[in-house]
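Enquirer: I'd like to ask you about the structure that follows.
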Amino acid sequence: MDISALLTSAGINIGVCVVLLSLYSVLRKQPSNVGVYFGRRLVSVCSRPSDPFSFERFVPSPSWIVKAWETTEEEILATGGMDAAVFLRMVVFSIRIFSVAVVICFFLILPVNYHGQEMRHKRIPLESLEVFTIANVKEGSKWLWTHCLALYIITCSACILLYFEYKSIAKMRLKHITGAPPNPSHFTVLVRSIPRCSHETYSETVNKFFTKYHSSSYLSHQMVYRSGRVQKLMTNAEKMYMTFKAAAHEQNCQPSFMPRGLCGGPTKSFEIVSRETDNISGKTGFGDLDLATIRKECAAAVIFFKTRYAAVTTAEVLQSSNPMLWVSVLAPEPHDVYWSNLCIPYRQLWIRKIGTLVASIAFVLVFLIPVTFVQGLTQLDQLQQTFPFLRGLLKKKFMNQVVTGYLPSVILILALYTVPPTMMVFSAVEGSISRSGRKRSACCKVLYFTIWNVFFVNIFTGSVISQLSFFSSVKDIPAQLAKAVPRQASFFMTYVLTSGWASLSCEVMQFLALFCNLVKRFVLRIKDDSSNCTFSFPYHTEVPRVLLFGFLGFTCSILAPLMLPFLLIYFSLAYLVYKNQILNVYVPKYESEGQYWPIAHNTTIFSLVLSQIIALGVFGIKRSPVASGFTIPLIICTLLFHEYCRQRFLPIFKVVPAEVFIEMDQKDEQCGRMEEIYQKLHSAYRQFTETPHELCRSECLNHHDDGKSISDPEKLNPGKEADQLNGSSSCNLDIAETSKK
């Protein structure tokens, strides 16, 4: 590929981005799209949208960019939670490190690569991209020390930034835990694989066990019931049947519209049913035992303890001499519990993990088909030999540039859209007990999948599989990667343009939600914005995308420096787009309190080590023993730094320190808040209940007619919206005014 083909791809993607971002700035102003582009604000403070006509609504404006830029991290924490703040930290880290890499590589590496061979250069647009890669440096060149120096500067800068980010985020996590209101999950332990006893129920077994072995700290428990969709329908039907049965057996009180003396006054049939429902609900409730629910108990229970320290100690201690019984872990947050997976027998989990591993490998093998096809498009000579009828079409310059520079990355991106939903299914089948845990597991799977298919498989199918010597020895892998990566640098550049820039434009446009909104309004004729579905931030798709681009940037920084400006533009645009989406679109339904950062740290270290191994292979091929000798200590130091961070910071993200929990317990005891916390534990872990967002939405519908508008709601402090969500009963935000800005 030459520079003109790269510029063609860049021009197409820049045009797509400009058109979509301009269209977004117009569509977000339309009152009919409030539910699409301001879903989070609709949930936090509800309103009656108005529809004032103004010419300003149809003119693109950059006000959303200014608003996103001015938003502070404290506002992001209050609006999107700690996971959102950590995700933006990943983007900011990438901006910082690749700003350093752009300066170093453009002023130190790029001139050396361009003048690496004694040749007559063409005009810049006609030059091949390989001229700007390390492949253009001749063997034995004395200038290879510049590549080694650049590698040292980038690695040291990345490690310094990683250390301070890890330290800062660890402090932020502890501050978030200690500064937030009392979290019921800190007092709660989830116990699975409860042994079955023939003469007593699971509930009686749990109560007997914890009363005997944890009598000083045990408070109470709540059983877990089967919660599949079919099971919920059956439970609701049985409860309704019990209600009507109880009403039918009420002696001397027949339903009637006439007064009945024995009934104590006039009554109606629906009043009897309502009264009987209240009586039954008051006696049993969802969590209590009756004849219908005893048979639906799972071998799992939620155990409440008197202190946080007692809960975390119990969660970490082996409860039985048989490790497969009484398995205890600290419970997730109430809204984060994945209830349907709690009923999975604990003995099945290892089988499920093996099954999902096999299924993931099979999915990777199937995905080789589109990847191989994509690489065929990047190699024009092979494409013409395979499809002779395309020779005439491919001789045209523009078609040649589109097919080799734009079409391959588009096809691969479309195929990759099937990966996140598939990995979410695999993660659910694995048996994760929390929704955030399922999403993190899917995030790791998507990350491994994309790194393997976008980087390694593209390299192997493009230039290595045809060379059977690759399989002759493992020690040849660095050398083969050193030859292959510069050759595939052009594809990685176009992939960054297409998958990076264009994907951000699609993210801000919210095409699926926009289409559903159009169908709802103009086909189904539904005008109610409050019925729109809201979504949580898709970390399982966006975190792997950001980390993949960072991976490509590190591995290609000294090999193909031309990629770095495109990456820097992507991360800068991503910072604004993701901020806007967190502020306006996505609703934080649950969070993991920053546990995505260890994934980002490990991926960055892997990227650095792989880039050093590839550089070692390049220096070996180019016959530069000095550069090779200095690269080996860099690899060792990077691994030692990773081990230090793993020992220093990672335990904080796995378990909350005992001293923190003890200080929180002592503070609550001194303030007399313990009894209030105990009263909220049972209601917090009700298995069958509405989410807070549904409750807020129903409350907003009740007060919908009393809403008043605010002139400029985009200037509201996001931190105050959480207070309105918790305590305010007046839902009075005029989103139409919001969309104007």
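Glycine too: its Cβ is placed from the backbone N, Cα and C atoms.
Quick caveat, the model's predicted, so the values are computed rather than measured.
The domain 'CSC1/OSCA1-like N-terminal transmembrane' annotation in TrEMBL covers 5-165. If you look up TrEMBL, you'll see 6-27, 86-110, 143-164, 354-373, 406-426, 446-471, 491-515, 546-576, 596-619, 626-644 marked as transmembrane segment. Residues or ranges marked as domain 'CSC1/OSCA1-like cytosolic' in TrEMBL: 186-341. Residues or ranges marked as domain 'CSC1/OSCA1-like 7TM region' in TrEMBL: 352-619. The feature compositional bias 'Basic and acidic residues' is assigned by TrEMBL to 707-723. Marked as region 'Disordered' by TrEMBL: 707-741.
Describe the structural context of these features.
Expert: Same-chain neighbours of the transmembrane segment (6-27): 33, 36-37, 57-64, 125, 129, 398, 401-402, 405-406, 409, 490, 493-494, 497-498, 501-502, 504-506, 508-509, 514, 562, 566, 573, counting only residues six or more beyond its ends whose CB sits under 8 Å from a CB of the stretch.
Using a Cβ-Cβ cut-off under 8 Å and counting only residues 6 or more beyond its ends in the same chain, the transmembrane segment (143-164) has close neighbours at 93, 96-97, 100-101, 104-105, 108-109, 112, 116, 134, 137, 554, 557-558, 601, 604-605, 608, 611-612, 615, 618-619, 622, 624, 626-627, 630-631, 634, 638, 641, 645.
Under 8 Å from some Cβ of the transmembrane segment (354-373) lie the Cβ atoms of residues 411-412, 415, 419, 422-423, 426-427, 429-430, 445, 449, 452-453, 457-458, 461, all in the same chain and six or more residues away from its ends.
Taking Cβ pairs closer than 8 Å, the transmembrane segment (491-515) reaches residues 1, 6, 9-10, 13-14, 16-17, 20-21, 23-24, 27, 33, 35-37, 39, 129, 375, 378, 405-406, 408-410, 412-413, 416, 454-455, 458, 462, 532, 542, 545, 549, 552, 556, 560, 562-563, 566-567, 569-570, 573-574, 577-578, 580-581, 585 in its own chain, all 6 or more past its ends.
Remote same-chain partners of the transmembrane segment (546-576), defined as residues 6 or more beyond its termini with a Cβ less than 8 Å from a stretch Cβ, comprise 6, 10, 17, 65, 68-69, 87-88, 90-92, 94-95, 97-99, 101-102, 105-106, 109-110, 113, 129, 132-134, 147, 150-151, 154, 158, 447, 450-451, 454-455, 485-486, 489, 492-493, 495-497, 500-501, 504, 599-600, 603-604, 606-608, 610-611, 614-615, 618.
Panel annotation: around the transmembrane segment (626-644), residues 144-145, 147-148, 151-152, 155, 159, 163, 601-602, 605, 608-609, 612-613, 615-616, 619-620 of the same chain, lying at least six beyond its termini, place a Cβ under 8 Å from a Cβ of the stretch.
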